[in-house]
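As annotated in Swiss-Prot:
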- 125, 126, 127, 128, 129, 130, 131, 149, 177, 194: S-adenosyl-L-methionine binding site (BINDING)
- 247: active site, nucleophile (ACT_SITE)
């Protein structure tokens, strides 16, 4: 693999020499940082099993190497990236996999370790969505996830990735992470705080990542991290699990933040060791039981992961002073909900008791039941998924609901050929050789729902959202 030149401030190198355990080679660290990062993907098991994904992609010539800490994760090598970018493959467009750095799969693995099965989870800094979608897959789209993102522009990206992956148990919020301890005290079974950090571990992806680095900035960032982990710990219920992670390497933003929390709440914080998280985890294990992953250990990004348990309740913070405002939705009455469910089933849309119907004007939404306890406590940017819009002739079913809840085995499902599917993803109407019988058609490809279409004569009218339309080559088999 080609080398690239990474910028290292002298003070950073001094700090790394002090932080690195004696069992590791500093020369190996420098050499690893100069190698470009291996690409990796995570199979979206909400859509397809790992075995079926491997069978589907076997003809493509992809080399997939298992990632030890994530059974659905793989390092990927492919020869045709220039001809067909990985993010433009139809398997990616239909949500069968997520392009995710291998190290960033570690925090969710830690969150669900030892049989942990939380029902209400918060992802404090969620965008672009790799960990939120990984959490949703581990929860099998059940329970509820509060995915928060401070950056307004990233909230849209977060929603797009959640929608593409067919996820319906998520509520999105747009706050600074400091608010949650006061706003929703002790309400979550598990919390992931993948904290904003100095990014020292990402130099293999971004050789200039340390251009603005300084020891002083590390101190400033660590102060913010202490505020965030304190807020998250207040929002965690007694007995719950908190995973703290960063993509940086200094101790000030990692071990020291966790030790500060333990010193602040000595009787309420328990460190849960991660040495048995996966075979070979002990190579990155700290004396506290955290994983401090230097890039040469597993040939990946630098990363840090700690797992904590809240052993008992702590005093509440002062109530927040902001006003949430009126909640513009109302629950749909049982009789009407039954009629809506029946109409949805006719086009292949079904959902279980984890979701409940709510209405706003002519809009119908599905909200995760587990998030209802938070209504009135925080203001949501987006909650659940939009199911349909009502009109005089019935319902206009929404694309995100189709991706999340349509069954490809529905009687009105119509499987496209590769050529037809390529037209569909480009936003064009499709003219199948043998037109379907039904007027309202669930369009599928590779046995995956990719949208709804209305049959008009010999053509299928395309309803693929304009913002998702793609140009260029889309199919690995044609590359």
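Quick reminder: no glycine exception, Cβ is built from N, Cα and C everywhere.
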For the C-alpha pair, I'd like the distance in angstrom between residue 177 (S-adenosyl-L-methionine binding site) and residue 247 (active site, nucleophile), rounded off.
18
Restricting to the same chain and to sequence separations of six or more, state which residues have a Cβ under 8 Å from that of residue 131 (S-adenosyl-L-methionine binding site).
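Within the chain, residue 131 (S-adenosyl-L-methionine binding site) has Cβ neighbours under 8 Å at 104, 107, 108, 123, 192, 194.
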Can you tell me the CA-to-CA distance separating residue 127 (S-adenosyl-L-methionine binding site) and the residue listed as 'active site, nucleophile', as a whole number of Å?
14
How big is the gap, in Å, between the Cα of residue 129 (S-adenosyl-L-methionine binding site) and that of residue 247 (active site, nucleophile), rounded to a whole number?
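Spelling it out, the Cα of residue 129 (S-adenosyl-L-methionine binding site) and the Cα of residue 247 (active site, nucleophile) are 15 Å apart.
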Between residue 247 (active site, nucleophile) and residue 125 (S-adenosyl-L-methionine binding site), how far is it from one CA atom to the other, in Å?
13
Does residue 125 (S-adenosyl-L-methionine binding site) have same-chain partners at least 6 apart in sequence with Cβ under 8 Å from its own Cβ, and which are they?
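Non-local contacts for residue 125 (S-adenosyl-L-methionine binding site): 148, 149, 150, 177, 193, 194, 195, 196, 228.
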Give the residue from the binding-site residues 129, 177 that has the most other Cβ atoms within 10 Å of its Cβ, counting over every protein chain displayed.
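By the 10 Å Cβ neighbour count, 129 comes out on top.
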Under DSSP, is residue 247 (active site, nucleophile) helix, strand or coil?
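SS state of residue 247 (active site, nucleophile) = coil.
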By the DSSP assignment reduced to helix, strand and coil, which category contains residue 177 (S-adenosyl-L-methionine binding site)?
helix
Among all protein chains shown, how many Cβ atoms are found within 10 Å of the Cβ of residue 247 (active site, nucleophile), not counting that one?
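For residue 247 (active site, nucleophile), the 10 Å Cβ neighbour count is 23.
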